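Q: Below: one structure in structure tokens.
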């Protein structure tokens with residue numbers, strides 16, 4: 001029986017280099033084919049849609065919402081959301097959505113952008129819901 005390990009060791013550097021390039025080429029070709037298949041084949045997985053603030057399905061109460069919830073509003077980031085909460089804690093509850101104008105950084109344009117996503121619950125309704 002022939003000793004293949006001896007034959008492999010005795011192969012010339014050129015023959016070894018051909019084997020290495022053949023392996024590299026084969027692996028590269030397999031990668032390209034697999035990538036193409038993954039990109040072009042349709043998937044049977046159902047598409048998942050996540051609720052977004054643009055669907056207007058969420059309306060936040062300005063007197064109850066936490067800063068991380070307010071940060072989800074259009075054009076309101078975490079810093080401005082924190083200002084809204086601080087203003088509410090310092091000056092008291094908001095009586096209307098227009099009261100947001102008292103918060104530094106909220107002007108008429110920003111108020112229009114978020115007005116559909118905000119509400120203010122009257123005090124008597126809050127008191128009734130807590131009992």
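Every residue gets a Cβ built from N, Cα and C, even glycine.
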Q: For the feature transmembrane segment as recorded in TrEMBL, pick the matching range from 21-41, 42-62.
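A: In TrEMBL, residues 21-41 carry the label transmembrane segment.
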Q: Give me the mean pLDDT over the domain 'Helix-hairpin-helix DNA-binding motif class 1' (68-87), rounded to a whole number.
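A: 92, rounded to a whole number.
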